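Sequence annotations record features per position, and here Swiss-Prot assigns topological domain 'Cytoplasmic' to 1-47, 94-181, 234-246. Per Swiss-Prot, transmembrane segment is recorded for 48-68, 73-93, 182-202, 213-233, 247-267, and the stated evidence type is sequence analysis. Here Swiss-Prot flags 69-72, 203-212, 268-273 as topological domain 'Vacuolar', drawing on a curator's inference. Taken from Swiss-Prot, the feature Fe cation 1 binding site covers 113, 116, 124, 127, 165, and the record attributes it to similarity to another entry. Residues or ranges marked as Fe cation 2 binding site by Swiss-Prot: 113, 124, 127, 161. Annotation comment: Swiss-Prot describes 116, 124, 127 as Fe cation 3 binding site.
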């Protein structure tokens, strides 16, 4: 429900429709008592999108370079599959280790802040007062009143202080969540990385492998179509307009595919083979 609300609200914003925006907020307020759920599992979404884009562009670049060099289809497939799984494993493991490091750091900072709030409450309050005055331009009296009110709820004060002082948003993530993100990265990289490779294999099943420019065109078109769709999907969770986001993905993919292909052709020509 929260996810759909954000999508509807953004659509109203892009259209500049104030009445529609009010209607959406009122509708979802009655459904969930205004629990907006802005996160949308954003960490999972970020992992999937990053893995998908990295997978398809990385393998597209590898296949393009191989096709440009006009090596045999069997060699292209071997190189492509090898790089696909090697990169997917590397990306998945990197996502897992970075997530666990972030969780460990956040928990350590939380424990430190909890200890300071318990043992040095006056100093902790003063830190927040200074933040309200210097960052948000509250006067001293209002800043002190805000701190006294928020300090009554220690959990809220802790979360708010970590956000303002350290730039950390407390979550309920644990090591199992980090493992899940690593798996998501691996799977999304593999799935979308297979698209340029699979389109190349399909072309060579039905057409001559000697026409490497045609095989590149098939890989190029299938990849850009996929990137366009991924861009449209990504736009639902960003501030970019759908067509702008989609075209930026296409431009990125075009450059990433054309350069290796041209270098492959150049190297093949200079080698004299």
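Yeah, the Cβs are placed from backbone N, Cα and C, and that goes for glycine too.
Feature map: annotations from Swiss-Prot on the structure.
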residue : record                   : Cβ neighbours (10 Å)
113     : Fe cation 1 binding site : 20
116     : Fe cation 1 binding site : 15
124     : Fe cation 1 binding site : 20
127     : Fe cation 1 binding site : 16
161     : Fe cation 2 binding site : 22
165     : Fe cation 1 binding site : 15
Select the range from 48-68, 182-202, 213-233 that forms the most Cβ-Cβ pairs under 8 Å with the transmembrane segment (247-267).
48-68
So which binding-site residues out of 113, 116, 124 end up within 10 angstroms of residue 161 (Fe cation 2 binding site), measuring C-alpha to C-alpha?
113, 124
Which residues, same chain and not among 113, 124, 127, 161, have a CB within 8 angstroms of the centroid of the CB atoms at the recorded Fe cation 2 site?
116, 117, 125, 128, 157, 158, 162, 165
Summarise the topological domain 'Vacuolar' (69-72) by DSSP state, stating how many residues are helix, strand and coil.
0 helix, 0 strand, 4 coil
Using DSSP, what is the helix/strand/coil residue split across the topological domain 'Cytoplasmic' (234-246)?
7 helix, 0 strand, 6 coil
What else in the chain is close to the topological domain 'Vacuolar' (69-72), if you only count residues 6 or more beyond its ends and a Cβ gap under 8 Å?
209, 212, 264-265, 267-268
